[in-house]
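Worksheet for the structure shown next.
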Amino acid sequence: MVKKISGNTKTYGVLANPIKHSLSPLIHNTAFQTANMDAVYLAFEVKNNRIEEALAGVRALELSGVNISMPYKRMALDYLIENNFPVCEVSELVGSCNTIVNTGRRLRGYNTDGIGLVTSIEKEGISLAGKRLSILGAGGAARAIVCQLAKSSVQSIVIFKRHNESFQDVSAYFNLISMVLGVKIDVYPYENVKLMQEVFAQTDILINATQVGMTGYPGLPIESADMLHEKLIVVDLIYAPLETEFLKAAKTKGCRTMNGIGMLLYQAASSFKLMTGKTMPIDQVKVAIEQQLNKL
């Protein structure tokens, strides 16, 4: 996608394992080509937890910036903190980072996952101010979006999490976030279907942050579509498939729906801005993403 690479070409990339599925090279190289930038974005598969060596390599090879994906988001943040590199407030709150900028003298860490979701919702003309949200799942994606949503003037957030050995620790974490950001956040057992339905009745925006519905993980993340009501805005963070069974079911109940393309696009756009100082050509990148996903 890059017409010519020279000694002046700026190099960016993504560090993850596995990496072959990543859409990041497509996204950023499409942006570079559209904006006529002398830059290239590569995928680096970092094996055997060698993320610290990889990040040292970012400095040694003078890569301009990198994205961090699974399973290294938390380890990358730890590396930055241990080496006294600055990190943004959201990264500290979430406990992970997905973007690292090389300023030449030091690395800087950021987390753009949450702002990706918030921006995608706002771009649909939906105001988050005063809204009551429910989130299915409490993993890394949920942490990132909860922290950003809590900074977006929402009224309250309810999180449904499996009642397993980590339930108390996760509840304590979100209680801390609630106190720090001044937003009411409750964590309830996923298995309590009656309570879930009662909460949904008072919910404005419902977000699926689980893997249920993703390619290879069929089904609904809730017991029944009858738990939904027509005033709900239903967001699924999944983008492969483009329309999950959950979104299809929500449409039958008259709900407005959104898939995960927007979050993917706008978290990348925020990262692109941090790394390059330029605005990502959103429309062209979105077309490239959708064309690629339609091939799957």
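All positions are counted from 1 along the displayed chain.
Just so it is clear, glycine is given a Cβ too, placed from its N, Cα and C backbone atoms.
Record check, TrEMBL: NADP(+) site residues include E89, G137, A138, G139, G140, A141, L237, and the candidate from G114, G116, G216, G260 also listed there is G260.
With S22, L23, S24, S69, N98, Y239, Q267 listed by TrEMBL as binding shikimate, the candidate from D38, D113, D226, D283 annotated for that site turns out to be D113. Using a 10 Å Cα-Cα cut-off from A141 (NADP(+) binding site), none of the binding-site residues among S22, L23, S24, S69, N98, Y239 qualify. Here the domain 'SDH C-terminal' (260-286) has long-range neighbours at 12, 23-24, 27-28, 30-31, 34-35, 37, 39, 64-65, 67, 98-99, 101, 110, 112-113, 115-117, 119-121, 123-124, 236-239, 242, 293, meaning same-chain residues at least 6 beyond its ends whose C-beta is under 8 angstroms from one of its own.
Sequence-distant contacts of Q267 (shikimate binding site), defined as residues of its own chain at least six apart whose C-beta falls under 8 angstroms from its C-beta, comprise N98, T112, D113, I115, G116, L117.
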